[in-house]
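The structure appears right after this line, and notes come after that.
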Amino acid sequence: MASSSSGVGGPEGLERQLSRKLTRVQTMLDVPDEEGPTADSELVPSSLASIVPILRVANEIEEQAPRVAYLCRFHAFEKAHNLDPTSAGRGVKQFKTYLLHRLEKDEMETKRTLANTDPREIQKFYQQYYETYLRDGPVRRPPDEMAKHYQTASVLYDVLKAVVPDEKVERQVQNYAKEVERKKPHFAQYNILPLKVSGPPPAIMEIPGIKAAVHALRNLGQLSMPRADQTTVHVTQEPNHAHESSRTTVLPSDERGRSVHDLLDWLGLAFGFQRGNLENQREHLILLLANIDARSKQHLEEYTLLDTGTVRHLMKKIFRNYLSWCDYLHVRSSLRLPNNAETQQLELLYIGLYLLIWGEASNVRFMPECLCYIFHKMALELQEYVIGGNVPLREEEYFLNVVICPIYNVLHKEVLRNKKGTASHSRWRNYDDLNEYFWSKECFKLGWPMDPNSDFFIHSESNSSKTEAHGRDQLSYGRRKPKTNFVEVRTFWHLFRSFDRMWTFFILAFQAMLIIAWSPSGSLSAFFDADVFRDVLSIFITASLLNFLQAALDIILSWKAWGSMEYTQIIRYLLKFAVATAWVIIMLVSYSSWVENPSGPIRYFRNWINWRSQSLYSFAIAIYLIPNILAAVLFLLPPLRRFMERSNWRVIVLLMWWAQPKLYVARGMHESVCSLLRYTMFWILLLICKLAFSFYVEISPLVEPTKTIMNLGTATYQWHEFFPYLQHNFGVVITIWAPIVMVYFMDTQIWYAIFSTIFGGINGAFSHLGEIRTLGMLRSRFQAVPDQFSKSLVPNNEGVRRPSKQDKEEIERRNIAKFSHIWNEFITSLREEDLINNMEKDLLLVPSSSSDISVVQWPPFLLASKIPIAVDIAKDFTKKKSQSELVKRIEHDSYMHDAVIECYETLRDILYSLLKNHEDKLVVRDVCEAVDDSIKNKQLLMKFRMSELPQLSNKLEKFLTLLKSTQDMEKPDSVKTQITNVLQDTMDIILQDIMISENRVQRTAGTYVVNQQEDHREKTHPQFSELKLELMKDKSWMEKVTRLHLLVTVKESASSVPTNLDARRRITFFANSLFMNMPNAPKIHNMTSFSVLTPYYREDVMYSEEEINQEKEDGISILFYLQKIYPDEWFNFCQRKSVLREELLKLKDQPGQLDYSEKQKEYIDHVRQWTSYRGQTLARTVRGMMYYRRAIELQCFLDMAEDKDILGGYRTIRPTQQYQEQYNHLVKSGALADMKFTYVVSCQIYGQMKASKEAHDRLCYQNILGLMSTHRSLRVAYIDERDEMVNERQEKVYYSVLVKGGDKWDEEIYRIKLPGKPTDIGEGKPENQNHAIIFTRGEALQTIDMNQDNYLEEAFKIRNVLEEFHSEEYGKNKPTILGLREHIFTGSVSSLAWFMSNQETSFVTIGQRVLANPLKVRFHYGHPDIFDRLFHITRGGISKASKIINLSEDIFAGYNSTMRGGNVTHHEYMQVGKGRDVGMNQISQFEAKVANGNGEQTLSRDVCRLGRRFDFYRMLSFYFTTVGFYFSSMVTVLTVYVFLYGRLYLVMSGLEKSILEDPRIQQNIKPLENALASQSVFQLGLLLVLPMVMEVGLEKGFRTALGEFILMQLQLASVFFTFQLGTKAHYYGRTILHGGAKYRPTGRGFVVYHAKFADNYRMYSRSHFVKGLELLILLVVYQVYGRSYRSSTLYLFVTISIWFLVASWLFAPFVFNPSCFEWQKTVDDWTDWRKWMGNLGGIGIAENLSWESWWEKEQEHLKTTSVRGRILEIILALRFLIYQYGIVYHLNIAHGSRNILVYALSWLVMVTVLVVLKMVSMGRRKFGTDTQLMFRILKGLLFLGFVSVLTVLFVVFNLTISDVFASILGFMPTGWSIILLGQACRPLTKRLKLWESIKELGRAYEYVMGVLIFLPIAILSWFPFMSEFQTRILFNQAFSRGLQISRILAGRKESNTF
């Protein structure tokens, strides 16, 4: 500050000092307009973060005092220079340079406005600012605004002190500054609770629960204060600015700022927690206590003390896992409460301590038992401090540095072993391994404080070493620590190990069925034959062998974890293996001795008593079955089993030791008896059907043909057979049976699809789903909707109580009034979202029932056309007809009756109120009395002429139209004359035409005649001319007029209102959901509090103007596209913004205008919003989630308001700006909404976006800032990365930060330092959620993804859903995760999006419905599930985060919850919107990601434990609904391979010909054909569409479902699903074999663009094209070499489904690729593909630019695969050699020889060809320009040689043309096999210098494959109709909604976008 100590000289000297530098230095900082959201204050480098407040103040006061703003910037520059004098930090030099430029400019331009000098200027401004904003501010302004002003004043004074010498600071300024310093702590930025605010208490602080919780926390009692060495503390009594006085401890000056106001402050000082953590958890704990306490109160009465049960309840929830952990380890809990004493303070200390540990634990939060250990030790310390009184005073980050950082470092070092996901899981310890270290008493060896030299922290023998090049990321890998309890080995054997009981059951059932079918009779009755029964009992030998296999796998697969296992566990594994081995020997020996002495089942059981004569095998079986019998008994007694498994008694643990390994989780996962019976019955019925089908359709028909084949004798071979004398044709038998066996193990998945469809449909019907699915159904049941609303959504069942007759009408009216508020808010939201237009809105609104109207006022869409119809009915009635008949016809339609009465009474009220003149009113009154009397006396037709009613109706319509027109008029008197004339005409019609003369009311007539005979000179006020038109300015009266106008004028039925399909769906679903079973709604103050958490990375927040108007490659913009997709919604938007739109259109007449007006900017912002709300953007998600707050506020008002307020037509309004006027219902509603609901968006890289130079990142930052400004209760959490000096070195430091929106910028609320970068340890998304979860509040937490939406009408049901957590329906097993259904809102974009939407909808509805009930295996499949927050934050969080293995992080939360005793349920009365991928490549990426995730799940410990700990039937449910589905998909594909390679073996060896031509097989040919084609049935995949059809049938009607199913097939849905089957199989199999699972970003944009051929080729080459071509070759070979003896019918019958699969795999990406068959696109694609194929690769060359780079990337999985994976790849590659081996023996040149030399010679040919190709390749590279002649000569000689050899072969050896083609067919697969072998043996290939040759051979094959696939596309592109046909297929849904997609894809736009 020396440079500015002289006051004026500082800033002025700056120019002189640095001007020379400014002429040479160019700024590299891209700074936007300072007025924009990202001004210079938001671009400050992280190492200079402390100057941000100064620059923000400068920007804030720029307009008021530009010179003071300049002084602030100068002060900021000085401070920046002092912080980093050498500009060493990242971006510091550039920022300083920019700031100097700015200061130079401001020095010249800024002028002083308040004084002559800078010191006087800033002092004057400071005084002015204080007097304007701070003196009386607390009374007039809210706390958050005051916090900003105090912050500004504080910064201004710091700048003032830098500019003005101390002695020149005025006394008044000093006094103001002291006052600011004193009050500033009481106006800090806050999140929800302004705990330190002074002045009038905000409404939320007046809530009794909040006051009671604050009081409890501030009760310090007799706690000893923390003390540092040689210091004392000073206890003073300060005024408490949070409305209470309490004991406050202020520490000495050296610890300034660390005072003790409450228990958390005390804990923070005693244990060294961070200030941000303290403030965060203080608010967290207060809100938890207040909300839990409020639930026990029926009314919001005043109280100051918490209930004793509140703290106990919270303590029980938080410490249940900790207490369970203590019991498991047999250690005494550290929760030690004194008896017979007040324990609330100690309980709060324990709770506060745990929350503070959890809040600062960072990544360690994923290790719940590690947190238990930390709390256990710290709670013991706490007890010592409370009792002993010697409390240490620790520095702020003590806990972080001493406890968390060492554990984080262990995590980080282990992750380095992961090698970015390429290392085997067995080589490093993940979160689970480290957490499970704390499942044994070994963890107590860590001691406390934790010993850094303990085994846990010693990473490896050589430890980690840092190098200069890589820092902490470089690790010297020594001997690794063993895994804990489980090893994730990449092998398919995990499926058997995890689900051994299922495989054993199916294998034994297959064996038994095969034995029975093989018996002479072949029927099931043969089971009772003695010999057959004896053979069936051999299944126990198989069982013992499978048990042996399981024991061996347990040892092999857990070998790398033995180093960490307890010795008892190792002994158990060894004993299990020994016993299994013994049983195998016993079974084999005893059975072999029993074969000689068979006995039938009857004798078997009859002689059981005579055990001495019984065979050893019988006793062996009996003993072997004892454990199974005991398990069956316990299965029927789930409570006993649950108790035994969860018990920690040593005796029971010892008894259970053999049955299950001792684990902390997955104990006692047994449901109630009723649930058990339900899912047991489901599976028993399913298994009966499956086994019966397998026996009668798959096994039994194949037995006789198999016997015949086995008895045929040795067949004639057509190749060299290595085993020519093999008996019984075993090769043929295996070939025939292999696909059947695979189908047998796979088809249970099909049966599950069928049964889940049936049970799901029945369940849905009983849940009342689809009872209101059309507008017609809604109209017919609408009268019951308000009553059902009162039962479901009104607290205390106000509408359900049985009323007396006199109260019934009043209760109904009140119910309808409450319903009207909710319904109208819903309809208003539809209008705001532009789903309905103004007319439809008016038709749908329900008026609040008025006491002036004697009937219920239904919405006009129910009453539309009723008045015109009633007029038509009445006009035909004359005096000759009876009034009763007219009344009967009117009353026949209740809606018509109500409409007539309402219309009459409303018109009467309007006329009475509108007329001023008393005489005019008398006329109206007398007419009404005449009408009433005539109706009462049944003389209506006698006294009134009904035929004139149409004339009256027309006049009335004109009258109401004129009244409506006054609404927008400034001077409505301009139409007054017209209204008067219409009224006079109307009265003329009534009095002269309608009222019969002789019965006319005399006084009325007389009055009227008198009025007509008045002297014209005195006629200054004609009749009906004195009108109160100002009445129409009143909103309620105008609503009456509008409604009456609708009733009179709408002459068509409103059955099609609304016309928008989405609006219809939402209205019908909301009405239908009211009739579904849901818990009763509590009052808002009693409801469960909750938060919503949305993880966000870098996706679109809101589209910019440029993005929505920018034309894509097809010539269309996003806006134009959406206008065509949603034309009705665009029209509604234009109607809603008509005024702004008209102003924007004026720009066409002003082409030179560049700047938009404010309204024009506003319009563009609205267009951006409209567009963004139809995409998958964060803005859409935030808008949807903030509906919760809007719903809660309205429901809170309805809870608190009096009947007069509710019946008075209340509409939600916002509080006024006067802060002191907050004591009303609206303010209380807002306060309770804050207390009950919190929304946090975890924008992981928000801090980086703020400082980014990239346009997209900066736009995202600005849009997020805009969302926070729009939604003031929205909070954003992010990971802030800063450069800070640590031990005199600049290092990266990371923080979790929570911000909220301010006036212009974000305001920081909490900042908590982290031990390191969280996302370095685990997967990105769960780490993103984990760092932000500490900022959430409440007892429940809803996880919402960024592509989701919410609806206001659904938000009204959230309190009902949250009551499920407390429902008595579940008994003690309360839900821990509530699943909700989703609506997929992207289904209308294209046919692909429709397929995906239907598939996803069936899963999130009928699929999850069955999973939850009856199967009880629903988990967490992503969003929008609601978690029991306290349950999960104490058990590891809402996801798992270990890299790679937890790729599907969401489902692991469900696994974890279930294993830890949770209960996951599913509820369908509430739905949330969700977007899905809409393009082919997007969908495939998503399917690949999910398949990768399921592959990793298969290897995980969670799946293994659930599979082994569930009972048998629940285990079946678990398998077939998770990894089993993907394994079955893979088996389906493998079945095709096994089938075709079996056929290849049969046809090439000649066995098929030999068998089919044998007369003995002819009688069994039909069963054999059926068996051959049986696998084909399961390839169609149509059965998997059944759940989809059932759900559509339930919710839309089965006729609609059938139509949609047929339409889907016409749009090639089967092709799509068959293609995705290949995706699932490929990525699932590859993940298990080689790894390579990774997060695949799919993008969430509007995909209607054309994907290039090269893009599709890269994506699908290995997963589909290669496999498809292989199957194609197999089919061709099978056809060519078998057609001579086989009919084409048989061939098609056997292979038709495989041809379909091949076609789908090869061409689906192109069929579903827009514009794929346009000729120009085809030409461009070919050019692009050839360029890509020819480009060279290399370092830095992207895979989309070069084939070589792509080829290298495709083999990455082989670089890191295990030895097992590499060997399996080699074995699989060898299958391609069978083509050459078979075909060469069928060549004519072979002359029928079977000698092995024929095959050897073929290899000589193959090698020769490869050598020639190699020579040509080398010649091209090595011969230079000068030697091109030599190269040409070489090629010529090679060509001549080739021709010569061919000539010799043709002439001498009888080679034929067919032989040439056959050779190509045989040798091509061999070449591919060589490529695969070279890739698998890459290190060896490189050492042999063959790698380049392999690469070039691979390039040639890629060329051939590309041409083969591209050729059909090119041919079809010649035909113009193909493009139109494809468009029809792709976009049929859009056509039905008016989308002209052909024009869009052609890029022919109709008109200007705006």
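Each residue, glycine too, has its Cβ placed from N, Cα and C.
Whatever TrEMBL says is automated annotation, not expert-curated.
Here is what TrEMBL says about this protein:
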type     : residues  : note
REGION   : 234-254   : region 'Disordered'
DOMAIN   : 345-451   : domain '1,3-beta-glucan synthase component FKS1-like'
TRANSMEM : 502-519   : transmembrane segment
TRANSMEM : 539-562   : transmembrane segment
TRANSMEM : 574-595   : transmembrane segment
TRANSMEM : 649-669   : transmembrane segment
TRANSMEM : 681-703   : transmembrane segment
TRANSMEM : 723-744   : transmembrane segment
TRANSMEM : 750-769   : transmembrane segment
TRANSMEM : 1664-1681 : transmembrane segment
TRANSMEM : 1690-1712 : transmembrane segment
TRANSMEM : 1763-1784 : transmembrane segment
TRANSMEM : 1796-1816 : transmembrane segment
TRANSMEM : 1900-1921 : transmembrane segment
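With a cut-off of 8 Å between Cβ atoms, the residues of this chain six or more beyond the transmembrane segment (1664-1681) that come close are 1533, 1536-1537, 1540-1541, 1543-1544, 1547-1548, 1619, 1622-1623, 1626, 1657, 1691, 1695, 1698-1699, 1701-1702, 1705-1706, 1708-1709, 1779, 1782-1783, 1786, 1862, 1865, 1868-1869, 1905, 1908-1909. Within its own chain, the transmembrane segment (1796-1816) is flanked in space by residues 720, 1780-1781, 1784-1785, 1790, 1834-1835, 1838, 1842, 1863, 1866-1867, 1870-1871, 1874, 1893, 1896-1897, 1900, which lie at least six positions past its ends and keep a Cβ under 8 Å from the stretch.
The average per-residue pLDDT of the prediction over the domain '1,3-beta-glucan synthase component FKS1-like' (345-451) is 92, rounded to a whole number. At the 8 Å Cβ cutoff, the transmembrane segment (723-744) and the transmembrane segment (681-703) share at least 3 close pairs (sequence separation 6 or more) and count as touching. Contact check: the transmembrane segment (1690-1712) against the transmembrane segment (1900-1921) gives at least three Cβ pairs closer than 8 Å, residues 6 or more apart, which meets the contact criterion.
Remote same-chain partners of the transmembrane segment (649-669), defined as residues 6 or more beyond its termini with a Cβ less than 8 Å from a stretch Cβ, comprise 325, 328, 330, 369, 436, 439, 485, 566, 568-569, 572, 627, 631, 641-643, 1456, 1458-1461, 1505-1506, 1508-1510. Tertiary neighbourhood of the transmembrane segment (1900-1921): same-chain residues 1653, 1657, 1661, 1665-1666, 1669, 1706-1707, 1710, 1716-1719, 1721-1722, 1725-1726, 1729, 1733, 1747, 1751, 1813, 1868, 1871-1872, 1875, selected by CB-CB distance under 8 Å and a gap of 6+ residues from either end. The list of residues near the transmembrane segment (1763-1784) in space but at least 6 beyond its ends in sequence, with Cβ under 8 angstroms from a Cβ of it, reads 490-491, 719, 1541, 1544-1545, 1547-1549, 1633-1634, 1673, 1677, 1681, 1790, 1798-1799, 1801-1802, 1806, 1862-1863, 1865-1870, 1872-1873, 1876-1877, 1879-1881.
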